[in-house]
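Q: Straight from TrEMBL, here's the annotation block:
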- 322: active site, proton donor (ACT_SITE)
- 351: active site (ACT_SITE)
- 455: active site (ACT_SITE)
Ligand SMILES: O=P(O)(O)OC[C@H]1O[C@](O)(CO)[C@@H](O)[C@@H]1O
């Protein structure tokens, strides 16, 4: 296509949301009109499915749940007055709590203000808060946020070491929808011990964000934690940023949560329009479908050209891959769906993997996120008439063009600036696009059966560890791995047993390995 025709295509397909100042350009995805036409029946169904879902239909059949994250930003849409009221009241409660913490009306026992906050959670209970903190927290927030989003002991130590002198003024959020996920539970227990080690009463620092009556909720209630906020069963973890999960940490950092909700609401309104060309989420879903033949054959590379949006790709990774990565479709056929997502930020990535994007395996499509405003205030000139922001803008355009010339398609989302409204809108845009795409490929976007397999397998390993340690404690003489496996009644688990013992040995946990470490079968194991 020559430059003139491309310019025409750009204008023909350009979507612009006036209220948000958001543009979506899908002109560099090479679909034609016939393709768009062919997807129309699927889109008719996707629009109808979405309307049902918003009315409260059970859209997550295996978990028998409604899917209502859209109601969080427009509570009047909730299917019952009780739900509407609950959403409104929770938001008011969050704002009141954040204000009291910031003004010192709620303060820790030994300090006049909370200065820091540790947010403990994983997956949907971490990625949204992390993305939003990186994107929107002021340079000098009223409370500085720190995350524990894993069960990595060294990671937990690092966070606690940074806070060693401030623990007495650090609030702790424990975020877990189920209230039973091992990683946040472990984080909570370790942090609780650290507080006890400093003679601090954890309950006076702790806030729970979880489903009412979950294990976490029960602990928080019985121990009299500072506050508890509800997580609703009709909000999935990966779409929970605008529930208490995301709003509590955001509000504590002084981020305008109402503006975030407003931006999301405006985007939700725009993505309700049942017309593909005038619906930005439908345009995204169409582009994804085109690129990967409706089978996820191409990866989504997300490249925001703005440092503060660094974590957007990580956030989208869960939203897209946990929602779309499914073995079976809604009719039970094995389909192995999904779209792989990765990315970091431009122009930084141009000096890393963009080389492969331009010349290597053409197994992806790019999504550029462009921010029109360079910075708050004016920019110095780097060269005559040229600023650092001009470079950034030039690099984005240049990369988009270089990819296109080499048959690599891309989408560009442009926002006027990174602010609570546009971040709320971006989240809402992708949430809806994922919903539409799931409908196009006929899968349930709202469950995650695959994640359970890993959790169950880990539980089996921990149980095996207990059995193996019991065997070793009884024995006087060193045993081979095979002997331990037999005695533990787990002859078929010898490799797992070896790895458990090697890990315990490395951590001086009462296990000694003797022999050639490179030849596991030569090892003799004893309790120390
Ligand atoms: O908030 P929870 O219940 O601790 O779950 C954390 C994450 O774990 C998952 O359930 C997957 O294991 C995600 O869907 C969820 O966001």
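Cβ coordinates come from backbone N, Cα and C, glycine included.
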Q: When you tally the Cβ atoms that lie within 10 Å of each candidate's Cβ, which of the active-site residues (322, 351, 455) has the highest tally?
A: 322
Q: To the nearest whole angstrom, state the Cα distance for the pair residue 455 (active site) and the residue listed as 'active site, proton donor'.
A: 15
Q: How many Å lie between the Cα of the residue listed as 'active site, proton donor' and the Cα of residue 351 (active site)?
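A: Computed Cα spacing between the residue listed as 'active site, proton donor' and residue 351 (active site) is 29 Å.
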